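**Student:** Have a look at the structure that comes next, please.
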Amino acid sequence: MIKALKRKLMSLTGLRPGELGRVSLMSFYFFLVITSYYVIKPVRNSLFVERLGADNLPYVYIATAIFVGFIISFYSRYADRIGRQALILGTFAFLASNLVIFWWVLKAGTLFASGAFYIWAKLYPLLLVSQFWLVANELFTTAQARRLFGLVGAGGIIGGVAGSAISGTLATVVGSENLLLVSVSILGLCALLLVYIDQRTEPVRPRPAIEEDQPPAGAWRLLRESSHLRTIAYILGLTIIVSTVVDWQFNKAIELFVPGEDAKTEFYGRFFAALNVTSVLIQLLLTSLVLRVFGLAVALLLLPIGLLTGSIGILLHPGLWTAALAKGAEGSLRYSLDQSTRELLFLPLPSDIKYRGKPLVDMVVYRGGTGVGGVLVLVATSIFAFGLREMAIVAALMIALWMGVTVAMRREFRSSVRRLIRTRDVEADELIVQHLDARTREELIAALESEDENEVLYALALLEDVDQREIVRHTQELLEHSSRRVRARTLRALYGSASEVPMAAPRALLDDPAMEVRAEAINFVCNFGDLPPMETMEEFMRSEEPGVRAAALSCLAQHADSDRAEVAAGLIREMAARQDGPDAARERRLAAEAIGATVNGKRLRDSLISLLQDTEADVRRAAVQAAARVKDPKLVPILLSHLCCGESRAEVKAALAGYRKSIRDQLVDVLLDRDVPMEVRASIPAIFYDSAGSRDVDVLIGALPQVPPRIRLAILKTLNRLRRNRDDLSFDDNRLESALELETRTGYQHVVDRAAITPNGLLGRVLREAEADALERTTRVLGLMHPLRDILAVYQGLTSGSESMRSAGFELLENTLPLRQRRFVGPLADPDLSLEDRARRGHALFDEVVDESRDDTLQRLATQTDQPWIAAVAAAAAEVEPDLAIELREPYHLHPLPGLDRTLSSLLSEDKDKMLKLIERADFLRDVEIFSEVRTEGLAKIAAITREREYEKDTELFAEGEEGSELFFIVSGQVHAIRQGELAFTADRGETVGTLTLIDARPREFTATATQHTRALVIERDDFFDLMRDHFDLVEGLLTHLTDVVRRLNARLEQEGVEA
């Protein structure tokens, strides 16, 4: 009976074990804050209207918009420098002392004191409420906030009723001014309660930064570019303007029809108490119903319809009760149904637009609307002497415009929701929403059946709070979804409807391959099964299956009380440290998975650091995935170091992408750091992609002039993907013009350098590659400024093997670019210009392009650091030409080359002889057919794993039937391949022997024998595949060659009439 009652209570409130105390304390805190405000709000209104008159309200409307903005801006700028408790207690003391001062000056009847108090009282709730949510965000996780902030907020609703009732009851008893001292005493209780909360609770999240009272950079541009955001701004602006007019009408009516200061305070207090009760009833009884049955458009129209009704009433019979009816419609609907509906309008906006645009709408449009409303009332009442009836006509005209904009908003909202579900741009954990439009709900329900995990997670996050029946109805298919995140998220979403879920469904997931799913299934069964939770947990802990035991430990570490959680954490640490026994590696892997499935995995940081450096690849991979979920910034340096490792680079990128918002500056520092390995730096831009915003785009573009060409290419590839797939992002054309100039200047320098030296040989080929890279980067920059399809066609044409295609590509380039860009890019891309002509054009266009002698060019290339592979090859070219009097700096040879691949750099810098031998081998490999599409730096990496062997005449390299574990490149001499006693083929210089068996490891199909003294370079199979795994650029080159071979073979077969 008790268990059933407890389950029902948890189902109704969303509370989970251990949360009641924290929710109760914060709800009471909010109750006190709002009570203290609603005690003084009626006093503020009555004193101003009685002493200065309603006709002066427009002045304080305008002054409030200015004064409050200034104070909040000052507060947000300096508040982060003060400890949280000191800040809030200091604010309590400041506001309480202000109240005492105002009590004294108001009692003394000081001139304009009531005006100053009116403006100050607007600041009062802003400070208290913002600080309350500052505390709340520290004490609740994001998931808890979604479930529990409704309960916490209920304290504020009750506080509004209580505070208004206190004013309405005591005003005529103690006097209006003395009510300020009541608020002082309530602030004292708030301070005591805050100290008690800090002593009894521990923060679960770091203190959130206090946002400055300024819209983020680029917000105004977003307002111009996003019609959805602009329409929201119009609606809010018109809402505030009309509300300001209605507020003036209400206060003017009270001035005319309610005599006496205390009587006015009593009336205001009783009115606001009734208003708050009405708001609560509308929120509880009507908001969800209206949105579910009638949809967003009707919900948005109810407030203007209510205000239009009140305005018509004032027009027909200007009096106290018609003005109160209009104000009642405004107050009761605006802060309940209309507020909830307006918040929904931001929901389908992409996260970047919402992050930067919402503060603009909330802060600037709100205060601007108040100021505009004040000016409107001031002009109407002071210049045109409008009264209640005339102002009703003004309000009605504004309401008509408001309703027109609202109808347009419905179309914008629907189209944005469709786009959002398709692009999955909003992070589900950040969505806190209570009601959805009826038609939007249908689209979200349909999204539950998607195979795309992001669409399903998005829909689950919204429907969990508004329509769990649909989640229950889809339980089976959701728990069988291919995504582990969907399965785990579904179990969490079903907590509120556990009584409707057959226990067999979560029990079936106890053998799920994903740790986090098993942990959630265990938690569900323990909390909602027939046995007491700990008894069930002990059963799981005794399981013979290590995966179940690890999941139980993860569940305990995440959900149990602190003592049991620490015991579980200790057992996970033991698993992570286990080295002995046949299952030690598996247990370490399970420990990593358990840490990843634990919300507060930071307590196991040391174990996770150890697992990230484990000797077993599977353990490291599981640890990387765990680090992605734990999101501990202290793990970032270790994750960054793993970007050098090809086997886990993809997982590390995904992990770091999850951190991206919190480590943006750290990633930029790594991107710009010349001491960081090049392969790590080149991996950074892709990390920005998944959740990039306009600020990230600006950061990446800004980094272009500060990084070497290889990093610029990685940045431009990411920017091109963003441009192709993200319509909401904007790109700064002025900075892109600078980037275009940089890339063309770099390209021309390579042209000039190639003209200065012998264009053939390895160095010539290296410079041709660098020139081609500069052209690619140039076209990628152009792709950010012009239609991407056109620029892609240009690049494909310019890089084609067909002369006519190159000419067509150049013609399209000429017709696409404006004159200034054609002037820079044209000569670099013109296929008809000779090398010398392009060199002359480049030198004429850019003073920075250096035109030097051959000797000086080699000297400069050998000592520059931005392109280390060019430097290495230039240094080698200088060393082998004795007629060149070049003194290469010795440290260049003795230390790793900055920015070069680490293995290659260390080999090149061991000594000059080894450097020359390595580059000599790379020069040889460029003539090997299978490497014809591999870049020269890739050839050097291959050369680095070769071993030179010599074979005398009639010596076997290998015999038929042997294991194929080596590939041979014939440097000199000749080899015969004998299959079953007959000559299969002959391999001479530059040809390979054993290519296919190196790849498939099958037995040799022939015997290879040297027919004369033969030198060969040999690659071991394991070394070759290790190299391919770590360097995809080599795989890309080999695949390009194999594709070309297949195409040529198909063409020959078709010529011979054989079907390919």
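Cβ coordinates come from backbone N, Cα and C, glycine included.
Automatic, uncurated: that is what TrEMBL annotation is.
So TrEMBL lists the following for this protein:
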DOMAIN    930-1028  domain 'Cyclic nucleotide-binding'
TRANSMEM  20-40  transmembrane segment
TRANSMEM  60-79  transmembrane segment
TRANSMEM  86-105  transmembrane segment
TRANSMEM  117-136  transmembrane segment
TRANSMEM  148-173  transmembrane segment
TRANSMEM  179-197  transmembrane segment
TRANSMEM  231-248  transmembrane segment
TRANSMEM  268-286  transmembrane segment
TRANSMEM  293-316  transmembrane segment
TRANSMEM  364-384  transmembrane segment
TRANSMEM  391-409  transmembrane segment
**Student:** Along the domain 'Cyclic nucleotide-binding' (930-1028), what average pLDDT does this model show?
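**Tutor:** Value for the domain 'Cyclic nucleotide-binding' (930-1028), mean pLDDT as a whole number: 86.
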**Student:** How about the transmembrane segment (148-173) and the transmembrane segment (20-40): at least 3 CB pairs under 8 Å, pairs 6 or more apart in sequence, or not?
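**Tutor:** With 3 or more qualifying Cβ pairs, these stretches touch.
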**Student:** Examine the transmembrane segment (364-384) against the transmembrane segment (179-197) and state whether at least 3 Cβ pairs sit under 8 A, considering only residue pairs 6 or more apart.
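**Tutor:** Taking Cβ pairs at least 6 residues apart, the transmembrane segment (179-197) and the transmembrane segment (364-384) are not in contact, as fewer than 3 fall under 8 Å.
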**Student:** Checking distant contacts: for the transmembrane segment (268-286), what same-chain residues at least six beyond its ends satisfy Cβ-Cβ under 8 A?
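**Tutor:** Same-chain residues near the transmembrane segment (268-286) but 6 or more away: 38, 41-43, 45-46, 157, 160-161, 164-169, 171, 254, 324, 327-328, 331-333, 335-337, 340.
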**Student:** With Cβ distances under 8 Å as the criterion, find the stretch in 20-40, 179-197, 231-248, 391-409 that has the most pairs with the transmembrane segment (293-316).
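**Tutor:** Most Cβ pairs under 8 Å with the transmembrane segment (293-316) come from 391-409.
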**Student:** Reported in the order helix, strand, coil, what are the DSSP residue counts of the domain 'Cyclic nucleotide-binding' (930-1028)?
**Tutor:** 25 helix, 41 strand, 33 coil
**Student:** What else in the chain is close to the transmembrane segment (391-409), if you only count residues 6 or more beyond its ends and a Cβ gap under 8 Å?
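**Tutor:** Counting only partners 6 or more residues beyond its ends, the transmembrane segment (391-409) has Cβ contacts under 8 Å with 231-232, 234-235, 238-239, 241-242, 245-246, 248-249, 297, 300-301, 304-305, 307-308, 311-312, 314-315, 318, 326, 345, 376-377, 380-381.
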